[in-house]
Structures are given as C-alpha cells and as structure tokens.
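Below is one structure, written out as structure tokens; the observations come after it.
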Amino acid sequence: MPPHDHPLWRPYTQMKTAAPPLEAVRTQGSRITLADGRELVDGIASWWTAVHGYNHPHIAAAVARQLEAMPHVMFGGLTHAPAEQLARRLAALLPKGLDHVFFTDSGSVAVEVALKMAVQMWRNRGVAGRTRFLAFRGGYHGDTMGAMSVCDPDEGMHRRLGGYLPRQIVCDLPRSPAEASALDGTMAAHRETLAAVIVEPLVQGAGGMRMHPPETLAEIGRLARRHGLPLIADEIFTGFGRTGSLFACEQAGLVPDILCLSKALTGGTMALAATVATGEVFEAFWSDDPGAALMHGPTFMANPLACAAANASLDLFAGEPRLDQAGAIAARLAEGLAPLSRLPGVRDVRVLGAIGVVQFVRPPDLAALKQRFVERGTWVRPFGDIVYLTPALTIGTLDLDHLLESVRGVVHETLSA
Ligand SMILES: *Cc1c(COP(=O)(O)O)cnc(C)c1O
C-alpha cells in the first residue's frame, strides 16, 4: 500500500522507488543551500532558467516594486506597462519579422499556442485539412497534449500515452545533404495535411542534448519554405544565450514563422512564456470576424510580476556581457570535458555554448550517479545515457571547475564500478 501521509506527487518520479528529494532552503549565485546546511554548486541552473544566477538583485528589486504596485491584473480588456514594454523589447531582439507576442505561463502552453496558431492560420485562410505537424525524433516540446504529440513518440517520456495523442509525422533530423533530401520527400508527400514543421534549433534539450550544426537548421528552414510550410522554432531551452548567441536561430540566419520562449525568459524567477509570430501569421487572424481571433487566454496571462522580472532580465543581457560569458564557459567546458572522450565507456563528448554533454555507451545507474554528485557538493542531474552541465552564464571559474572536476570524477567512478 502506498503511504497516505505524504501528499506531494513529484515530477517525472517513480514515487515508490525514488530517493526522497533534498530540501532546498536558499539560493544565491550558483549555489543551492540545503536544509541540513550543505551547499551545492548548481550545474543545471534549475532546468536552464537561472541564466544570471539565483537571486539577482536587479531582478529581485524589479519584482518587489511591481509587487507593491500591482501583482496581477487580468489581461482581457486591460493592459499594463510591464507587458507592453516586454513585447516591444522581445520583438526588437528577435530575428526581424517576429513582431507579434502572445504571453502564456509555461513552455508547454507556449508550444500549444504555436500549434493552435498554425492550425487556425490555415483555417482562417480558407485552407482545410492542414492539422498535422512534422516533428523530429529526439525532440521534446513539453508535457501538455499537443506538445506531447510532437515529442519523440518512441524514445520520449510520453510513449505510454500513444493512443491518446494526435499522430504526427516524425522524421530524423538530417545529418547530411543526402538525408536532407529524404526530409524533402517527406515534406512533399505530406504537405497537404501539414500545418507546420516544429524544431528545437541547434540542440534538442530534454530529448538527449543532441546537437546539429547551423547548416542543418538552415536547410530545414529552406525545405519548409520551399514546401510552403510554416516553421515553428522552439527556443524554450536555447533562447537567451544558452547556445552562445541570444537566440539559436541567429546562428543559421533563420527567421521562423513562429518562435516559442520560456525557461530563461524571467531569468529563472517566475513562470512566463511567449509565442511570437511574424506579420504573415498574425495577418491570418486580422479580420472583422470575431471567430477568426486566436482563442486562447490563460488566467495569469502576462502576469505583471513575471513581465517585470523578464524586463529586468533583458536589462541584464543589455548591460552585462552574458554572451561573452557563454563563450568563455563553452571554452572551459570543452577543455574540461575533453579528457573523457578518450574513455572506452564514453560514446561522445559535445559542447555548444554553455551546454556540455558526456554521453555514455550504456545508460548508467542514474540514481547512483545523482547521489555521487551530491556527495561531491554539486547539483548535476544525469538522464538517459548522458551527464550534462548547463550552468548559470554568470558562474564563477572556481565553481565551474568544481563542476567539471565532479563530472570527471563521477564518470570515472561510474565506468570503473
Ligand atoms: C522545457 C521545455 C518545454 C516545456 O516547458 P515547460 O515550461 O516545462 O512547460 C518545451 N520545449 C522545450 C524545448 C523545453 O526545453
């Protein structure tokens, strides 16, 4: 019988067998303090959100001011300066053409909105039957229904929900010009039923930290354009400096039709997401017919506290050398992880921006690995067959070296066990 005295149900967790979670009581910079007084150097930045480190005073002050003035107000029929300002700033920072910003409260919902935008765009234009999506194996786009349907259907974590989800067209990411022609054929075969193509630019995050070169991304963009298919770029993981540029699409010179943001949008302080569309997409909803409007509107849409945090986070990107810091982290990760690539049990070591990945030949005992990292005073969360680091872009050299030392140590221990 399961216990009845503990009401918390935890994320992605087998409640029967998982080790109990550690209790965190404080964060600061790149450190997490536990209830028992231990301090961990954070290698994950809380699921890639805390790009400026924890408790950045500039963000904290902005949120505190907003809390005094107006913590929340409904977004139907009302607007407010934090949202107006944030929409303008995002449109100015994103690749040219992405000018229409729709706020929601989580990455999965930003993806849902992107999918709805694409489907309804075709309906509004009077084109019937375009309700499916072309997605890529190894992809991860979130945990809600539409988002789950465009994740990897076989290796992804939602495979038990198969019969419940809409069936999409799932392809391999091309690795060469020859493979790109296979994708060309698939697009040609399905174009009449496809609403859009969805991709995580440059790196598939939660699906296994798989990377592809900018040329591949540019080729996917070219093929989609050739077949008249809108492209949705899910930059929820890659946005805000993680891959070394502010947005990953920039590296391929790609302007998607729809782009999703969340994770680091508020600098890791608050739930907020955005789906940003080009004028061409927006135009399909511009009508005298109320039924042609985009039918979405979360209760906490454009929450003023979250928008204030996001504006403060953008101030930091403007005023502090975050992209240079990402570049410096990339160099240190490459140097620090390189020795592991020679080990027989290691399949691959790869780095892109502030993302460093070690992939094992065989999936390791994840619970044991997680425990070893904590024993070394670090917070690192391996999954599948990989150990990875995605630290805050502001992490100090000593803390980063501690993380690298800890990864090298744990990988060695794992392979010699
Ligand atoms: C995390 C993530 C999502 C889902 O975001 P949530 O805020 O967890 O719903 C979607 N797409 C990508 C690429 C992500 O990394």
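The backbone N, Cα and C atoms fix where each Cβ goes, and this holds for glycine too.
Annotation comment: TrEMBL describes Trp47, Tyr140, Lys263, Gly297, Arg381 as substrate binding site. According to its DSSP assignment, Gly297 (substrate binding site) is coil. The Cβ of Gly297 (substrate binding site) lies under 8 Å from the Cβ of Phe75, Gly76, each of which sits 6+ residues away along the same chain.
Long-range Cβ neighbours of Ser108 (pyridoxal 5'-phosphate binding site) (same chain, at least 6 residues apart, Cβ-Cβ under 8 Å): His141, Gly142, Asp143, Thr144, Ala147. The secondary structure of Ser108 (pyridoxal 5'-phosphate binding site), as reduced to three states from DSSP, is helical. Look at TrEMBL and you will find Gly107, Ser108, Asp234, Pro298, Thr299 tagged as pyridoxal 5'-phosphate binding site.
The Cβ of Lys263 (substrate binding site) lies under 8 Å from the Cβ of Trp47, Trp48, Thr49, Gly107, Ile236, Phe237, Gly239, Phe240, each of these being in the same chain and 6 or more residues away along the sequence. Per TrEMBL, the feature N6-(pyridoxal phosphate)lysine maps to Lys263.
Gly107 are the binding-site residues among Gly107, Gly297, Pro298, Thr299, Arg381 whose C-beta comes within less than 6 Å of an atom of ligand 1, given in sequence order. Taking the C-alpha atom of Arg381 (substrate binding site) as reference, the shortest distance to any of the binding-site residues Asp234, Pro298, Thr299 belongs to Asp234. Each of the binding-site residues Tyr140, Asp234 was scored by how many other Cβ atoms lie within 10 Å of its Cβ, and the smallest score goes to Tyr140.
Under the three-state DSSP scheme, Lys263 (substrate binding site) falls in the helix class.
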